[in-house]
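Taken from TrEMBL, the feature region 'Disordered' covers 1-33. As annotated by TrEMBL, region 'Large ATPase domain (RuvB-L)' applies to 15-195. If you look up TrEMBL, you'll see L34, R35, G76, K79, T80, S81, E142, D143, F144, R185, Y195, R232 marked as ATP binding site. What TrEMBL lists as domain 'AAA+ ATPase' is 65-193. TrEMBL lists T80 with the feature Mg(2+) binding site. Marked as region 'Small ATPAse domain (RuvB-S)' by TrEMBL: 196-266. According to TrEMBL, the region 'Head domain (RuvB-H)' annotation covers 269-357. According to TrEMBL, the feature DNA binding site maps to R324, R329.
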Amino acid sequence: MHDDDMTGDYGTAGEDDTLSAYPQNGERDVEKTLRPRRLAEFVGQPRVREQLELVLESARRRGVPPDHVLLSGPPGLGKTSLAMIIAAELDAAIRITSGPALERAGDLAAMLSNLAEGDVLFIDEIHRIARPAEEMLYLAMEDFRVDVVVGKGPGATSIPLEIAPFTLVGATTRSGALTGPLRDRFGFTGQMEFYADSELDQVVKRAAEILGIGIDPAGSAEIARRSRGTPRIANRLLRRVRDYAEVRADGRITLDVTRAALAVYDVDELGLDRLDRAVLTALVQSFGGGPVGVSTLAVAVGEEPATVEEVCEPYLVRAGMLARTPRGRVATATAWEHLGLRPPENAGRVDQSALSD
Ligand SMILES: Nc1ncnc2c1ncn2[C@@H]1O[C@H](COP(=O)(O)OP(=O)(O)OP(=O)(O)O)[C@@H](O)[C@H]1O
Ligand SMILES: [Mg+2]
């Protein structure tokens, strides 16, 4: 399985960023080691897990490939892991590709015609698939058929080609960017949520065991708490704290070691990353706490609006620091306080009925 050639826009960051939710240089091998292999090993996401269990079990009983599955949510929450688990639970082979790799319909046609019955086809970053390939996918998902166009101009003919019944698993950080027809062809959408601290605690303990790292409960709880609700970050912080424990202490991860290590790596109390902090700081200092439009905010921090919207905002909203309102983004009193500032009288007092996302 070569899940390391899936690269999104920001799939391979040039510089190392301890808090990024995206995989960093050289991290994919460790991720493979730490990836849960079966549904039962997969921590958290109880809702998606239960729903998926039903979809898979019922297909197994009926002896047919299950409906196509779409997994949606911020980076590092386990979409790729789940896709591989689906294949493992079905005892099926998995073929892996990504939206950006399917530039020409021919690329997809080749992939589809090589599928065997019951195979899982995993398309990462599926919202970035090119239009012609997307249209080919409609027919493939619905009728297990592709139309191959032969020739050009008026003499062109399309030859229908049967493909083996398969299950498509799509992953996206941006389900809103999927076209309606594509979204409608998935029988099941798993909406991945940020993890609770107690779930991340289990993720950290499991990874520590696999990597043979000695860790105190207070140490793993602290790492979990500062991991931004994201397993990928939890596993990374664990490795950085391990480094510190080995070099500056006796190798065991305690609460004190964890705190000292995270201070060195500039991980703040809540685990906010550089971009999160930049967004909050801009919102508070340059725009008086908002409301301000997301594109203006993105320009202020030198990022793409999509990145601010898909990567940064979901966690800030969940952490209760940012509110999305029809008039723009607003910093809550918690955000001001987190930046060590006194919130203005009316900070973040948003009319609840006006809240939207
Ligand atoms: N539920 C989980 N239990 C244990 N570990 C997990 C879980 N989810 C994710 N991880 C860990 O986090 C890492 C990242 O997960 P994964 O690659 O599946 O995320 P992703 O959602 O596909 O991210 P991206 O959007 O960047 O592709 C995995 O290597 C795995 O070690
Ligand atoms: Mg992934």
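For all residues, glycine too, the Cβ spot is worked out from N, Cα and C.
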* the domain 'AAA+ ATPase' (65-193), counted residue by residue under DSSP: helix, strand, coil -> 51 helix, 36 strand, 42 coil
* To do: Output the one of F144, Y195 that, of all these binding-site residues, has the highest number of other Cβ atoms within 10 Å of its Cβ.
  => Y195
* Asked: Over the region 'Small ATPAse domain (RuvB-S)' (196-266), what does the predicted model average in pLDDT?
  -> 96
* Asked: When DSSP states are folded down to helix, strand and coil, where does L34 (ATP binding site) land?
  -> helix
* Cβ-Cβ neighbours of R329 (DNA binding site) (radius 10 Å) -> 26
* Around ligand 2, within a Cβ distance of under 6 Å, which of the binding-site residues L34, G76, T80, E142, F144, R324 show up? => T80
* Asked: Which one is closest to R324 (DNA binding site) in space, judged by CA to CA distance, out of the binding-site residues L34, G76, T80, F144?
  -> G76
* **Listed binding-site residues (L34, G76, T80, E142, R324), ranked by Cβ neighbours within 10 Å, top entry** => G76
* Asked: So which binding-site residues out of L34, G76, T80, E142, F144, R324 are up against ligand 1, CB under 6 A?
  -> L34, G76, T80
* Asked: For the region 'Head domain (RuvB-H)' (269-357), DSSP counts of helix, strand and coil?
  -> 44 helix, 9 strand, 36 coil
